[in-house]
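**Student:** Structure below; questions to follow.
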Amino acid sequence: MERMGEIFDVSTLAKRVRLFGILEVGGWVLLFIGMYFKHGVTPPVEWPLMVFGMVHGLIFVAYAFSLLMAWREFEWPARTILLGLVSSVIPFTSFFFERWAIRSGQLGELSPA
């Protein structure tokens, strides 16, 4: 249960990047569910895509903004911020970017010593 508390701790920028990276994966899931209801059922149901699309968009903006802030604070090279921004537009890759950034020492206190 303590691990769950660590995920939702947003006291530092590195922890916000981690949280928004995980939420971005959930945003993609919601977006695909909404797309299924609009394009995969008869008659189409439009409201799930409208609602889930907005949620996904808000999470995307928060994630991209946190990446840009991390780029400045942690003085990331261009390659790192580019990978982060690309991971925000390819479904489900933000999780892998976040894991890589921690392992490679890009996220400050979250990275191994």
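Placement of Cβ uses the backbone N, Cα and C atoms for every residue, glycine included.
Per TrEMBL, the features are:
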- 15-101: domain 'DUF3817' (DOMAIN)
- 20-37: transmembrane segment (TRANSMEM)
- 49-69: transmembrane segment (TRANSMEM)
- 81-102: transmembrane segment (TRANSMEM)
**Student:** For the domain 'DUF3817' (15-101), would you mind checking the mean pLDDT of the predicted model?
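**Tutor:** Residues in the domain 'DUF3817' (15-101) carry a mean pLDDT of 95 in this prediction.
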**Student:** Give the residue counts of the domain 'DUF3817' (15-101) per reduced DSSP state, in the order helix, strand, coil.
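**Tutor:** Once the DSSP states are binned, the domain 'DUF3817' (15-101) shows 73 helix, 0 strand, 14 coil.
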